[in-house]
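Here's what Swiss-Prot has on this protein:
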BINDING   35, 40, 46, 274  [4Fe-4S] cluster 1 binding site
DOMAIN    47-263  domain 'Radical SAM core'
BINDING   61, 65, 68  [4Fe-4S] cluster 2 binding site
């Protein structure tokens, strides 16, 4: 693709009072959120709608991926009370759908998998009507980590491949493209009831043919939901944006993904892994029901 640098105008609407109330509750509950740590462009809109993506396992990551704004360094000790605090916060915020993500914790024997599972179980106990989505790291392929979370039975298991295989070595520190696909494939194989989800960023130097190949690979792995968004450089220390995709390109990829059989596709400049995740979960359930009805 031709290198193009032309940043689109992005406007996000927000209810200021609702945003401030969510901000107050997040602070009062002592939550870390990826919304803040990753400098997400959608924070105003999401928090105005009381949609929060919580970040567990601390706020310091053991990796330094070139696209990510989360702090890198030596992580703090795990908070054993975090599952309880998180469950309480979900209740106070009145969340219909909660997304739980984390920093990478390569220093832990299980990569933090048991902590993830504890959070899922505690929310199930205290807010049984809330659907739960986990957005996990790859756990460095640590034995048993994936199965611990599968056993906790989140509604959605999300793990992002982020970019095309050719760009992985310089974009995703320690991560491997096919390890990420294998993680999601095993989730679907071991519990087909769990929706699987993954995401891509555009603007890192990928070619159209490479993006389409990733879609094909994802479908072979049985992934249900694909998100595609524009990479935005968090700071001058991070990877430069190679180009800004047009609305037409996002629409092209959306149509190409649906043609390949994804149940759900979100594709736009502002799309992020958990953007509109509560609404998308309802669409996912309806799409699966519709697909199953056609088989009867």
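The backbone N, Cα and C atoms fix where each Cβ goes, glycine too.
Keep in mind it's a predicted model, so treat the numbers as computed, not measured.
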Where residue 61 ([4Fe-4S] cluster 2 binding site) sits in the secondary structure, as DSSP reduces it to three classes: strand
Pairwise CA distance, residue 68 ([4Fe-4S] cluster 2 binding site) versus residue 274 ([4Fe-4S] cluster 1 binding site), rounded so that it is a whole Å: 15
Between residue 274 ([4Fe-4S] cluster 1 binding site) and residue 65 ([4Fe-4S] cluster 2 binding site): CA-CA distance (Å): 19
Rounded Cα-Cα span from residue 61 ([4Fe-4S] cluster 2 binding site) to residue 274 ([4Fe-4S] cluster 1 binding site), Å: 19
8 Å Cβ shell about 61, 65, 68 centroid, [4Fe-4S] cluster 2 site members excluded: 63, 64, 67, 69, 70, 72, 103, 104, 173
For residue 274 ([4Fe-4S] cluster 1 binding site), the three-state class that DSSP assigns: coil
For residue 61 ([4Fe-4S] cluster 2 binding site), nearby residues of its own chain (Cβ under 8 Å, 6 or more apart in sequence): 68, 70, 71, 72, 73, 75, 103, 104
Largest tally of Cβ atoms lying within 10 Å of a Cβ, found at which of the binding-site residues 65, 68: 68
